[in-house]
Amino acid sequence: MDQQIIDLGQKVAALEAASTMANTINMEIFYWWCTALMITIHAGFLAYEMGASRAKNVLASAIKNLLAFAFVCPTFFFFGWWIYNAFPGGLTIADGASAALPWSMSMGPNLSDNATGVFWAAFALFAATTASILSGAVIERIRLTAFLVLAVILGSVIWILAAAWGWHPSGWLTTKFGFHDAAAAGCVHLIAGAFTLGVLLNLGPRLGKYNADGTPNALKAHSVPLTVVGLMLIIVGFFGFLGGCIIYNPGGQWTNIFGQPATLSSFAFNTLMGFAGGIIGGWVKTRDPFWMMSCGLVGIISVASGLDVWYPPLAFLIGTFTGIVVPMIANFIEKKGIDDAVGAVAVHGCGGAIGVLVVGVFAAGYPNVNGAPPVTFFGQLVGFVVMSLLGFVPGYAISAVMKAMGTLRVPRDVEIMGLDLVEVPIEAYPENIGRPAAETLVPTGDFGSATAVPAE
Amino acid sequence: MDQQIIDLGQKVAALEAASTMANTINMEIFYWWCTALMITIHAGFLAYEMGASRAKNVLASAIKNLLAFAFVCPTFFFFGWWIYNAFPGGLTIADGASAALPWSMSMGPNLSDNATGVFWAAFALFAATTASILSGAVIERIRLTAFLVLAVILGSVIWILAAAWGWHPSGWLTTKFGFHDAAAAGCVHLIAGAFTLGVLLNLGPRLGKYNADGTPNALKAHSVPLTVVGLMLIIVGFFGFLGGCIIYNPGGQWTNIFGQPATLSSFAFNTLMGFAGGIIGGWVKTRDPFWMMSCGLVGIISVASGLDVWYPPLAFLIGTFTGIVVPMIANFIEKKGIDDAVGAVAVHGCGGAIGVLVVGVFAAGYPNVNGAPPVTFFGQLVGFVVMSLLGFVPGYAISAVMKAMGTLRVPRDVEIMGLDLVEVPIEAYPENIGRPAAETLVPTGDFGSATAVPAE
Amino acid sequence: MDQQIIDLGQKVAALEAASTMANTINMEIFYWWCTALMITIHAGFLAYEMGASRAKNVLASAIKNLLAFAFVCPTFFFFGWWIYNAFPGGLTIADGASAALPWSMSMGPNLSDNATGVFWAAFALFAATTASILSGAVIERIRLTAFLVLAVILGSVIWILAAAWGWHPSGWLTTKFGFHDAAAAGCVHLIAGAFTLGVLLNLGPRLGKYNADGTPNALKAHSVPLTVVGLMLIIVGFFGFLGGCIIYNPGGQWTNIFGQPATLSSFAFNTLMGFAGGIIGGWVKTRDPFWMMSCGLVGIISVASGLDVWYPPLAFLIGTFTGIVVPMIANFIEKKGIDDAVGAVAVHGCGGAIGVLVVGVFAAGYPNVNGAPPVTFFGQLVGFVVMSLLGFVPGYAISAVMKAMGTLRVPRDVEIMGLDLVEVPIEAYPENIGRPAAETLVPTGDFGSATAVPAE
């Protein structure tokens, strides 16, 4: 009988070991697929930005978009991941952050670490997505090198510092204010929108965007079908993004990324309901399929902070409301002389702000475990203010320096001819619309005033 | 030694709990990815329908397509899911259906329920897919509001009632007739095709589709590349759809959705072989890449009911055969005066019918567990008849009422000018083919006879 | 107390059974999603090849591409999978290969086999991908039947024989030479590139590609946006491909496909870093978004053999280096009179060669378990030579026979008019560029010399 117990003990130990390993592998797989689907976001952004450009700038937009991804990856390896691990306490370096330094044992193939690589990859894709939010707004006139510097600062420094503060179990916004932002409406969308606004104020509108009296012209997307299919691919990829916002705890219930219990099922309910609401809101307001898809995305962003807590019909209403409001904000921004080519400030900045604040309105009092205070409107407001400033100030300041140095914008004649003709050795559509017709080459607006129109 | 046993007992209990939770989480993840990939179906449908439209109707098709998705989601939350749970017995409400009512504890974030949200989401995507099958057939002349009513009835009522009857462990078609429809050839494809046929009979052909003598003209897809890439994205998404047709039983073998043992491996074999056969069949018959891709989809549909039982080379033959037959059926339908813009009745209706019936031919006698009778041709025939009627009758009746009220179709002059010009504030291709050339504005057919041509 | 032990023993046995089954199901799911994502590769290839064609050949390219997939699936079922299982020892048939014969119990639905179907499916997709590499290079002049024969030989015979030799735990290149090719740079990319080179030498350049003095003309991709979005979809799908290169060992650590311990995390690190490097390398060298995306793919290929061992910054450097070199090689090949329409020989052949060889340079001495010798440069060189010859010789020989029989290439006048007009009953863009303008109908090069230009 002793022998029986010993045998049983060995079997149990073997089971425990196998079970632990199996759980680890399944966790690794989960984030692998999150990463894979997030590449779809970039296929979507690529289609979307090319479609949203005029024919003369299509390929220059593609180059910019691809390089944002390509430069964010290594910089996020060298310092982005470390920033997330180092600064949850504010600006003092946390213990254990050294494991995220690029020469650490965890930052490469390691048979005893089935986690760091896939976590890093998912975060690198979050970073690339954040940088891509800036990308669409500034097409058709930003200088490539200026854009790349801005993209790396946004994608590998700014947003990830915000994530350390408010999207981390030890982040001070979480532990001191109970800040609740389950799916990154704050540290990804709001911050990218605020940064983009700062850049746009210095970058100025595209030539021909505004008339002498300040009224705007539409500089039309050359292929709306390419744009809306791209947006739907972004939605596909968002399921990878949202999956990456939830922590697989082997053998236990999910927690959201700042350590509060959650389920993937709640994400499923609210993502679809917010998305549906956003499309309908966009349709009610605009009847424009570009805005309907943008507002579908807005719908998801607007419910993202509380994706783990909303009653689904409320998510539908929040999405619908935000889908109606955001095109109005975009219109307001355009009238103020700020030329945001794809509405990124309204979609991501304002959509993200609503996402963060609405948790303070409808989910105030929601309790937190691990000693964090419960959700409050004040806590959400603090998070909103911090992220707005953390996005806007560097975006404005750095682009102001670039503007002063004359390195922010392409030369006027390049912009008129089209960036593709000057920067790209091939044509987008050589058998057809590669050479824009005369009326698209010469915008209808007042050229002289283009950079002179005060933004705001 | 007592202590050893107690310790061991505790370890085993802990392992059991962790193992149960891990299995639950892995199940939740599986349906999360099914849902995500099914969004790809909608990216595909969006590309496909826009490509299949003439340039003057591209964006109106997009709007219709997006709103179908947006309206099916909430309605499927409010009553669709409940219908599935309530009516497996026929038209009496099942015990336990109240758990699917929209105010139930399960229908929202719930830390003790890691299943309902992802199941609901997968089913909501099935519903949106079913509604999208109608969507393509009726482009270029249906009134948006009429379409939305029809889409909600099909997507959140009709198909899910059929699913309760024949795609549920307690469904009466399953328990009484051994009806075997593993991957929804019946309750999704056949029923959507039958419903669509009913609608098309009342909707009538597009202006210019038929000449005075009743011979058809081709109203050509404006971008075949967009259409075929869209169809391939639908195939990608079908792996999510098919995954959603199989039940993850934590710690046990898969069952199909009506409770019969199955493997995902059999799905993998037969999906690829049916798809390959369908492409080849479509090529043999048509040499047309639009039909080759449509027939690839047909190939999967034709093997869907028996996806868990076919010997793969048989699936290849069924796919090839159906891929040859379906374009002939589409041709026949067109000659009968029924203008199905993308061949949805032939692809989904007839493809689905073949899928259901062929199980009765080649898999008759296949045994069922849980007391259901074995598969028979008669049982499959009953399922075919029930679903055909359940699809056709409401589709025909409701659209007949709409036709009588004059709310089914856009005005004649709107159709001639193109829906985009009237309904959409932007142009699809402003630098190029946004304004259709004269010969596409004025179809070559006989206008006067368009609505007069008797359908059938 | 006896009873307690018996109870506990039963619980442990039940847990063991449930755990084993759960692990098996999770493994099955993993390869199911690998397969699904690899369909995205084919959506990508479809978009990419159509975009890379001139407008007059768009749909003929699509047909060729779709049929490659459709013919590889069943042939890989009937003999491809058996070849992999039969020939790891060289050309003698291995014991146990009969389980992979098409009439074996494993090759179809089987409730006691949750593995063969999904493994086969993942391999069938590898096969289709390999065949698709040839597909792009030969567009616009190869005869469809000739292409299909070549595609089946490459996809269901050649590459899988190479995989048996060097991508299998018992493969002789693995066991005798320690050949290390974790993610198939050799048996997929190198071999497909070498085979393609052999075919191109006999196929000859497109009419108008070369002038009388041998200088090349650009025969321009008609839609670069379609091409680059297609390439990004291929990258999405590559995560499925790479997932299929690693073995899920229920309850244990991953092994790569030839049985050496690995992690998915290392794949995640190096895939992103190689991709980023490749894009940047392509940009540095070309400024051309088509090449930037191609070089992103090259970046992944160049780090594929050592995807499980690279330190990520080294992967970035290898990707960057290869991304700079490959366009130069493509240029060299073009100047030699070999018309590779999409640069497949350079991208896959040379990219794959670098991938294989660089492991011998930077990872020489890396130890192997299960008795295989450690990695050496010589071992990698042997693998490189074997795969180059195994690809090139059949590609050259079979196409030479076809050329001699006059069945390799479409007639001259068909090529001039465009393949779509002759082979396809519909037009790609009937409202616009379906009928190419005069200057695209008549290439600027010297027609007479087209087939006369000696390739090399």
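Each Cβ is built from the backbone N, Cα and C atoms, and glycine gets one as well.
What TrEMBL records for A:29-50 (among others) is transmembrane segment.
Taken from TrEMBL, the feature domain 'Ammonium transporter AmtB-like' applies to A:30-424.
According to TrEMBL, the transmembrane segment annotation covers A:62-84 (among others). Listed by sequence, the residues of this chain that lie at least six past the ends of the transmembrane segment (A:62-84) yet keep a Cβ under 8 A from its Cβ atoms are 42, 45-46, 49-50, 97, 100-102, 107, 120, 123-124, 127-128, 131-132, 134-135, 139, 142, 144, 147-148, 151-152, 155-157, 160-161, 163-164, 168, 423-424.
Under 8 Å from some Cβ of the transmembrane segment (A:117-139) lie the Cβ atoms of residues 28, 31-32, 34-35, 38-39, 41-42, 45, 48-49, 52-53, 57, 60-61, 64-65, 68-69, 72-73, 76-77, 80-81, 84, 107, 109, 147, 150-152, 154-156, 159-160, 163, 184, 188-189, 191-193, 195-196, 199-200, 203, 240-241, 244, 340-345, 348, all in the same chain and six or more residues away from its ends. Look at TrEMBL and you will find A:117-139 (among others) tagged as transmembrane segment.
TrEMBL lists A:146-167 (among others) with the feature transmembrane segment.
The transmembrane segment annotation in TrEMBL covers A:182-203 (among others). Beyond the transmembrane segment (A:182-203), the same-chain residues lying 6 or more positions past its ends with a Cβ under 8 Å from any Cβ of the stretch are 126, 129-131, 133-134, 137-138, 141-142, 150, 154, 158-159, 162-163, 165-167, 241-242, 245-246, 256-257, 262, 267, 301-302, 304-309, 338-340, 344-353, 355-356, 383-384, 387-397, 399-400, 402-403, 408-409, 455-456.
Per TrEMBL, the feature transmembrane segment maps to A:224-250 (among others). Counting residues 6+ beyond its ends, the transmembrane segment (A:224-250) has Cβ neighbours under 8 Å at 20, 23-24, 26-27, 30-31, 33-52, 122-123, 125-126, 129, 182-184, 256-257, 259, 262, 264, 267, 271, 275, 289-290, 293-294, 296-297, 300, 304, 307-308 in the same chain.
The list of residues near the transmembrane segment (A:262-283) in space but at least 6 beyond its ends in sequence, with Cβ under 8 angstroms from a Cβ of it, reads 182-183, 235, 238-239, 242-243, 245-246, 253-256, 291-300, 302-304, 306-310, 312-313, 315-327. Annotated transmembrane segment per TrEMBL: A:262-283 (among others), in sequence order.
Residues or ranges marked as transmembrane segment in TrEMBL: A:290-307 (among others). Outside the transmembrane segment (A:290-307), and at least 6 residues removed from its termini, the chain residues within Cβ reach (under 8 Å) are 180-186, 189, 221, 224, 227-228, 231-232, 234-235, 238, 242, 245, 266-267, 270-271, 273-279, 281-283, 315, 318-323, 326-327, 342-343, 347-348, 351-352, 354-356, 358-359, 362-363, 380.
The annotation transmembrane segment is assigned in TrEMBL to A:313-333 (among others).
Below 8 angstroms of C-beta separation, residues 133, 137, 180-181, 185-186, 188-194, 196-197, 200, 294-295, 297-298, 301-306, 309-310, 314, 318, 322, 325-327, 329-330, 333, 338, 374-381, 383-384, 387-388, 391 of the same chain, each at least six residues beyond the ends of the transmembrane segment (A:345-366), sit close to that stretch. Residues or ranges marked as transmembrane segment in TrEMBL: A:345-366 (among others).
Under the heading transmembrane segment, TrEMBL lists A:378-402 (among others).
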- Query: What parts of the chain pack near the transmembrane segment (A:378-402), using Cβ distances under 8 Å and only residues at least 6 beyond its ends?
  - Reply: 146, 149-150, 153-154, 158-159, 161-162, 165-166, 173, 177-181, 186-187, 190-199, 201-203, 305, 349, 353, 356-357, 359-360, 408
